[in-house]
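What TrEMBL lists as compositional bias 'Basic and acidic residues' is 1-10. Here TrEMBL flags 13-22 as compositional bias 'Low complexity'. According to TrEMBL, the domain 'Peptidase S54 rhomboid' annotation covers 110-246. Summarising the annotation, TrEMBL assigns region 'Disordered' to 1-22. Residues annotated as transmembrane segment in TrEMBL: 37-56, 119-140, 152-170, 176-197, 204-223, 229-247, 274-296.
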Amino acid sequence: MGSRDLERGGTKSNNNPPGNYSGSYYQDASEKQWTSWLVPMFVVANVAMFVVVMYVNNCPHNNLGSQECVARFLGRFSFEPLRVNPLFGPSSSTLQKLGALEWEKIVHGHQAWRLITGIWLHAGVIHLLANMLSLVFIGIRLEQQFGFIRVGILYLLSGLGGSILSSLFIQNNISVGASGALFGLLGAMLSELLTNWTIYTDKAAALITLIVIIAINLAVGILPHVDNFAHIGGFLTGFLLGFVLLLRPQFGWMERRHLPASSRAVSKHKAYQYILCFVALALLIVGFTIGLLMLFRGENGNNHCRWCHYLSCVPTSKWECGN
């Protein structure tokens, strides 16, 4: 798209997320660029938590000095046998002990804190690396553009939304990982592009690219042993939060904000941005309220949606899906 949709008086910015997911936009010279520190701290916290998990796991001790522990030179930090955990990580019992998402303990054990702790645990080195690389590539750019408060809220609430939906539909297995929070950041990138549509150039290309990336990542979730409900819940939460938290002022507003009200030709936001914000906020409140009520009543989401289990795993001749 050409610049005819944009007002004059600003500079073109290429501070868009990696891969040009959100396209370039026109930025007022006075628009603040933040220093990213929260996302790196999230990475450090996740890595530190994984070290703690491996310390507690202590494969040689719990397997009576088994020679099957992987990377035995690491001592108590060595990994479980690959037949137990092919991702180079701890046992499921260790993850359960340290706060993995588990429906039985959340509902009947009154351990609601697992809805949060589960997003800080990872099943193995491969799982951790994949999520942390994604967090760095997506999160740092978002934090630079919107600041640590909004990105922090996005990350945590998206992780919570993913945990709630996962607990409603997956009740016989444990689940761990920051994927729900990461999909929330992806969802927020999409809604940010839509709600700030008029300040972007190359809009169609940016939208198509972002939708393809999201679709591919969600499609991977239909494989077995992948918690796609956490992905979907996190994505929907982040998508709605993006309309609420990631509004940009109309182009030219920053330069005119100190002028008398009668001299301001440009309002801070467009009417459709306010409408999207209020609708998204209402849907968030309703969604979280219904989800939490259903969860703590012990309801099974599959009883209300007979086909929804296919969103997390599609059985084929090559693999089966657990109940």
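Glycine residues also receive a Cβ, built from the backbone N, Cα and C atoms like all the rest.
Stretch with the largest number of CB pairs closer than 8 A to the transmembrane segment (274-296), among 119-140, 152-170, 176-197, 229-247: 229-247. Sequence-distant contacts of the transmembrane segment (37-56), counting only residues of its own chain at least 6 positions beyond either end whose CB sits under 8 Å from a CB of the stretch, comprise 76-77, 79, 89-90, 94-95, 97-98, 120-122, 125, 128, 131-132, 135-136, 139-140, 142-143, 148, 151-152, 155, 178. Most Cβ pairs within less than 8 Å of the transmembrane segment (229-247), among stretches 119-140, 152-170, 176-197, 204-223, belong to 176-197.
Counted over residue pairs separated by six or more positions, the transmembrane segment (119-140) shares fewer than 3 Cβ pairs under 8 angstroms with the transmembrane segment (204-223), which leaves the two as not touching.
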